[in-house]
Amino acid sequence: MEALFYPILTVIYFILFIQIFRYSRESEYWGTSWLLFLILCLFFRYFSLSLGTGIGFNEMLEALHIFAYVVYVVLIPLLVFVALDIVRRVHVDWGERLSTKAIFYSYFLIAVIFGVYTEFLRSDSAKIILDPIPATLFLALLPLFIVGWALWIQQRWPFMLLGMVTGFCGIGIGRLLNNEWVYAICECLCIWILVLTEKRLITKEFHPVP
């Protein structure tokens, strides 16, 4: 099944990349670009896993996969900035406050340090190959709960919150059971919800709901 699972995810992320690339050409907000880079990183990560499960992990593929994993762990906290960008775009009143920006930037730094420490300083390359389920994503998703709640209350858009709750629970189950398939599917669900939300942000001008 692995011979099909990783290629399917690779194709899905390629499709999501094409979609978000189109949106990035229409959007003037940097959050769209951060999401674009993250999806591109996920595409290369699962592309390297597809090759590795198909033809075996030789030295070159191991190096490629480890590099993709390193970039992934460093970039996944960018979801914090994606969350901040969304609250500003939908005109949430606290989104433009200096204190809000300081909190989000500090949280991003904490997530990066946590990811580097837990995934690299306490691990080796064998763990990255055999157990590629980073815990950093949990921290990165937490601000999106706040954004999802704000979108639900202010803009009557519940799908982001529901998607993030479902994805977060699934990722937790995958991590607990050490099941990368469950983790990867729920991670993909979260990214798809973000792309869907981005589409709504592009096609609809948001105003505060009275």
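Cβ coordinates are placed from backbone N, Cα and C, and glycine is handled just like the others.
Taken from TrEMBL as is:
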type	residues	note
TRANSMEM	6-23	transmembrane segment
TRANSMEM	35-57	transmembrane segment
TRANSMEM	63-84	transmembrane segment
TRANSMEM	104-121	transmembrane segment
TRANSMEM	133-152	transmembrane segment
TRANSMEM	159-175	transmembrane segment
TRANSMEM	181-197	transmembrane segment
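Beyond the ends of the transmembrane segment (6-23), by six or more residues, the same chain brings 32, 35-36, 39-40, 42-43, 46-47, 49-50, 53-54, 184, 188, 191-192, 195, 198-199, 202 to within a C-beta distance below 8 angstroms of the stretch. When the stretches 104-121, 133-152, 159-175, 181-197 are ranked by Cβ pairs under 8 Å to the transmembrane segment (35-57), first place goes to 181-197. Scored by C-beta pairs under 8 angstroms, the transmembrane segment (159-175) has its highest count with 181-197, from the stretches 104-121, 133-152, 181-197.
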